[in-house]
């Protein structure tokens, strides 16, 4: 796994790898493209250098291991690809295959929960969405039908509304469809039991807001929430009257005619989390899995047969039981760098810290070699990000500059979360501000690279801020019923993402090659390894560089 010296590119110079999370190169450049509207002199200057130093790569669909060209990329698969340099079949694809072949119903995880089907309750906790980022409705339906075919007599759904990876207000249609489909499961008492919005209930990540997870535990497990309804469709209609987006629907439970919660989790019940993506279900998994859990008072800890759709953390073996084996990503760039004695600095704020470390390293927690690696997490603000669109970009920049100046590291890896996290709020003006902030911070880093005689590579992991409205098939903006208000888009986009290289340490004869028009994020890995002065492993996708 030792990296061989590159025949052209020199070693032992500062190398910066900078990721603008959620910054797409969208062909539609209008007033709803925040990356385009924002004043970004740094990015404009990089683009003006031409195709030898600035190009785009694919960041969605098969290019990052997802099933089709209609599957949006996301930060997890994007950082997997950037970190490992290979196209790996990812969560959604793996689950699709397992359901299509029915292997999911014969593997160890299913056999673990099946004994609960006859006399106990099967609980499924999931994001109610077909966004393809965390979950898919067709997969949920396949799991439910498989359980009933295997003798499940009582099924309870605990659902999180989306409005982020799918259009806001789509929760009504999703819930109505779910209720109709539950009614078709003959021989099974199947009902919705609890719910809430994904940014209000259960789906916290990186331990930023344990209170969110506690609200979910109370609703899903204890049957305790501030809002009680007898009908889940009515629950959403009533709670949405407050004006909240789908993401922020208040927690609710469904009760029977006597006011008793219909879906309390009891000993010996089976609990399935039906999200395939890891980051936003790790915390609730810990609450179900760990007897010594202390992050909040669970009040009651039922002894369940708990499984994840995937194993969400391989190093922590969390959860211990799961339905579909996760991608096995070995020989990542981080592992190769550590084996070669090269030093790495990685930094982002809480919202993307796991991406620039865990996902970059192939879904692996911790260090390859702690003596060679430094990981710095800047705590994120615990507020809606459109209210603080600058986020922690300045603090990240300061940490990156300090690492570059120190001379201790062979590569400094930085992720700016702003375009993605602010973009997800649907607030165009705030997203423009976030893009301008990132552009200014990037300039500071590139100026320092120039001063130090180094090299840089700038890229992104997927699109988001590049389109803030829903569009028809011709690309025109869709309007609300008033004919004036644009329909907000809060999800990622299918746009390619930029890749830029430069710096005084880049030899004049090294530019982007012109024979890889369909290159994707995985091609970036070998590119940055080359910029460090080393040949990339042959198993990685080809480098974007050509040396004349």
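Cβ coordinates come from backbone N, Cα and C, glycine included.
TrEMBL labels come from automatic prediction, so no person has curated them.
Here is what TrEMBL records for this protein:
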- 13-535: domain 'Metalloenzyme' (DOMAIN)
- 21, 75, 461, 462: Mn(2+) 2 binding site (BINDING)
- 75: active site, phosphoserine intermediate (ACT_SITE)
- 96-313: domain 'BPG-independent PGAM N-terminal' (DOMAIN)
- 134, 164, 165, 198, 205, 277, 278, 279, 280, 352: substrate binding site (BINDING)
- 420, 424, 492: Mn(2+) 1 binding site (BINDING)
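Local packing around the Cβ, expressed as the count of other Cβ atoms within 10 angstroms, is greatest for 134 among the binding-site residues 134, 205. Note: the Cα of residue 21 (Mn(2+) 2 binding site) and the Cα of residue 420 (Mn(2+) 1 binding site) are spaced 5 Å from each other. Apart from 21, 75, 461, 462, the Mn(2+) 2 site neighbourhood in this chain, defined by C-beta within 8 angstroms of the site C-beta centre, holds 19, 22, 59, 73, 74, 78, 79, 352, 355, 420, 460, 464, 492. When Cβ neighbours within 10 Å are tallied across all protein chains shown, the highest count among the binding-site residues 21, 165, 420, 461 belongs to 461. In sequence order, 420 are the binding-site residues from 165, 205, 280, 420, 424 with a C-alpha within 10 Å of the C-alpha of residue 75 (Mn(2+) 2 binding site). The maximal spread of the substrate binding site, taken as the longest Cα to Cα distance among 134, 164, 165, 198, 205, 277, 278, 279, 280, 352, is 17 Å. Take the Cα of residue 492 (Mn(2+) 1 binding site) and measure to each of the binding-site residues 205, 278, 461, 462: the nearest one is 462. Looking only at the binding-site residues 420, 424, 461, the one with its C-alpha closest to residue 165 (substrate binding site) is 424. Counting only same-chain residues six or more apart in sequence, the Cβ atoms lying under 8 angstroms from the Cβ of residue 462 (Mn(2+) 2 binding site) belong to 21, 22, 24, 59, 60, 72, 73, 74, 75, 78, 420, 492, 493, 497.
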